[in-house]
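These notes concern the structure reproduced below.
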Amino acid sequence: MASTASNTSKLEKPVSLIWGCELNEQNKTFVFKVSDEDKSEHQLALRTVCLGDKAKDEFHVVEIVPQVEGSDVQPVPIASLKPSILPMATMVGIELTPPVTFRLKAGSGPVYISGQHIALEEDYSWAEEEGEEEVEEEEEEEDPESPPKAVKRPAASKKGSQAKKKKMDKDEEESSEEDSPVKKGKGAGRGRKPAAKK
């Protein structure tokens, strides 16, 4: 949907509705329009054009007739359907601003056109949000001091952690030697292998 910027300070929120119409032998044209009293911006995004189950096996051509006055502008075909070949066409990127006239140029139908009717309604909740933002700004100005942020230290590299581990192992050995009673005599120190008997 192409959105245009509004000159007013009011925000617009989209309201989306499913839309559809039927073209047949009795009703070969359909005009999608909105009331003149409605000040919202409207768009019609087409999604599918499909044949009904009672459609004859003939070509059904659906076209859009421009609303421009003058004979220079030709109708634009948007789908050519036949039940045995192509019973449905998906529309992508066709977004129209009302009024839009659809016409069944060839075939007897029924042909169903569906899409999404999007209306941008004025949103007055912006005034409430703006008031809340002003209150928050005043609270921030009253309490300018904020607690200092904790600074993280960089992680130690592998070399540093290996050296630290060796140092801790050495400290543990020294502390265990200090805590243990001093051994005296021949048993102190390295042990000897008993001699083998002959």
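Placement of Cβ uses the backbone N, Cα and C atoms for every residue, glycine included.
Values in this document were obtained by computation on a predicted structure and should not be read as measured data.
Swiss-Prot assigns the feature region 'Acidic tract A1' to residues 35-38, out of the candidate ranges 7-10, 35-38.
Neighbours of Lys82 (site 'Interaction between pentamers'), defined as other CB atoms within 10 A of its CB across all chains, total 15. The two recorded residues, Lys82 (site 'Interaction between pentamers') and Asp57 (site 'Interaction between pentamers'), show a Cα separation of 6 Å.
A simple way to gauge crowding: the CB of Asp57 (site 'Interaction between pentamers') has 9 other CB atoms within 10 angstroms, across all the protein chains here.
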